Amino acid sequence: MSNNNFKDDFEKNRQSINPDEQQTELKEDDKTNENKKEADSQNSLSNNSNQQFPPRNAQRRKRRRETATNQSKQQDDKHQKNSDAKTTEGSLDDRYDEAQLQQQHDKSQQQNKTEKQSQDNRMKDGKDAAIVNGTSESPEHKSKSTQNRPGPKAQQQKRKSESTQSKPSTNKDKKAATGAGIAGAAGVAGAAETSKRHHNKKDKQDSKHSNHENDEKSVKNDDQKQSKKGKKAAVGAGAAAGVGAAGVAHHNNQNKHHNEEKNSNQNNQYNDQSEGKKKGGFMKILLPLIAAILILGAIAIFGGMALNNHNDSKSDDQKIANQSKKDSDKKDGAQSEDNKDKKSDSNKDKKSDSDKNADDDSDNSSSNPNATSTNNNDNVANNNSNYTNQNQQDNANQNSNNQQATQGQQSHTVYGQENLYRIAIQYYGEGTQANVDKIKRANGLSSNNIHNGQTLVIPQ
């Protein structure tokens with residue numbers, strides 16, 4: 001049985017659609033052999049990716065293997081091209097002997113010492129070194145250009161420059177045998193490369209302004225390329241001194257401009273940091289002031305509340321004291337009224353006792369009417385005569401008493417619910433029974449009952 005028995009009619013009749021085949025065939029004629037291989041692999045991948053109906057089973061596995069091998073080949077080719085380019089660029093790098101490398105190493109160490117001693121003069125020293133030693137060799141210029149970077153960045157650059165300078169020169173003998181014609185051609189090439197470097201350097205400086213974080217990487221790449229190209233220019237200067245000197249001068253001017261741009265960027269960063277510190281310092285001053293104002297406001301509010309509560313408590317205490325005083329006055333008044341009522345009740349009791357005694361006397365007198373009637377009849381005449389005499393004497397005595405009483409007595413008119421005890425307190429200061437009896441005798445009263453509007457005589 002074949003595999004087609006397991007497929008439906010649609011899968012049996014399917015066909016791959018390759019719309020890019022004609023265009024790729026036209027382009028293949030103009031490419032080289034290497035480009036043809038790459039184009040074939042890419043076309044196979046694109047054709048496989050553009051198929052409307054992807055293959056299954058064995059065909060799919062085959063396509064996966066092809067794509068994997070093509071991708072690995074492409075990566076190997078790219079890596080080989082990059083390595084070839086690096087070897088071609090570095091073919092003219094190492095033209096210095098070991099004595100020159102040692103001198104350069106010593107100079108870089110001295111420059112590191114001076115950099116640690118004076119950080120403020122670092123910028124000026126970098127500019128002066130770029131002007132004076134403009135025609136010197138590129139490794140020296142490379143070590144001086146790194147002086148303009150303060151802090152650990154400059155040290156890292158110098159360490160890398162020392163490591164690049166310490167590489168052994170492998171092709172020194174072969175390069176020393178080259179003639180004057182080759183040197184002249186190299187000089188012309190060095191001048192051309194300095195001009196090319198000028199344009200590349202401007203583009204890199206623009207990218208540095210747009211992105212400060214990639215500044216270190218771009219600076220490292222610039223320094224490496226400058227060192228390589230400076231070495232090429234120095235080789236060409238042996239045959240074409242004029243062209244080489246012009247290229248070196250142009251290179252020094254570009255390095256100077258590059259250092260000034262870096263210094264301006266660093267100054268801008270320092271200014272930004274100082275402005276950030278000023279803003280932070282202002283906020284540090286402002287926040288404690290706001291906190292102190294809030295605390296003082298809270299203290300003032302709580303103090304006012306405490307004073308109000310204190311005043312309220314004082315007023316409440318005063319009200320309570322006044323109320324207690326009024327209550328005590330009411331109690332005293334009630335007690336005095338009770339005492340007066342008790343005294344009046346006792347007087348009433350005494351009066352009732354006296355009335356009882358009078359009744360008893362009247363009873364006793366009525367028990368012997370017959371005995372007394374005879375005596376009365378006998379003494380009627382005597383009594384009449386005595387009565388007349390007594391009336392005369394009583395009138396005389398009463399007149400004399402009235403005259404004496406009117407001379408040192410006062411009168412009082414009864415109003416409201418007054419009684420003899422209150423009147424005695426008003427005139428004598430004490431409501432005793434003796435004072436009440438004095439008023440009763442002066443007014444001829446037999447009881448304590450008095451009525452409203454009655455005029456009483458108050459004796460002295």
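Placed from the backbone N, Cα and C atoms, the Cβ positions cover glycine too.
Positions annotated as region 'Disordered' by Swiss-Prot: 1-277 (among others).
Per Swiss-Prot, compositional bias 'Basic and acidic residues' is recorded for 1-14 (among others).
The compositional bias 'Basic and acidic residues' annotation in Swiss-Prot covers 24-40 (among others).
Swiss-Prot lists 41-57 (among others) with the feature compositional bias 'Low complexity'.
Per Swiss-Prot, compositional bias 'Basic and acidic residues' is recorded for 74-128 (among others).
Taken from Swiss-Prot, the feature compositional bias 'Low complexity' covers 177-192 (among others).
Per Swiss-Prot, the feature compositional bias 'Basic and acidic residues' maps to 203-226 (among others).
For 264-273 (among others), the entry in Swiss-Prot reads compositional bias 'Low complexity'.
Per Swiss-Prot, transmembrane segment is recorded for 285-305.
Taken from Swiss-Prot, the feature region 'Disordered' applies to 313-411 (among others).
The compositional bias 'Basic and acidic residues' feature in Swiss-Prot is assigned to 313-359 (among others). For the compositional bias 'Basic and acidic residues' (313-359), DSSP puts the residue distribution at 47 helix, 0 strand, 0 coil.
The compositional bias 'Low complexity' annotation in Swiss-Prot covers 364-411 (among others).
Per Swiss-Prot, the feature domain 'LysM' maps to 410-458.
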Tally of DSSP helical, extended and coil residues in the domain 'LysM' (410-458):
20 helix, 8 strand, 21 coil
Residues of the parent chain within Cβ reach of the transmembrane segment (285-305), under 8 Å, 6 or more residues beyond its termini:
none
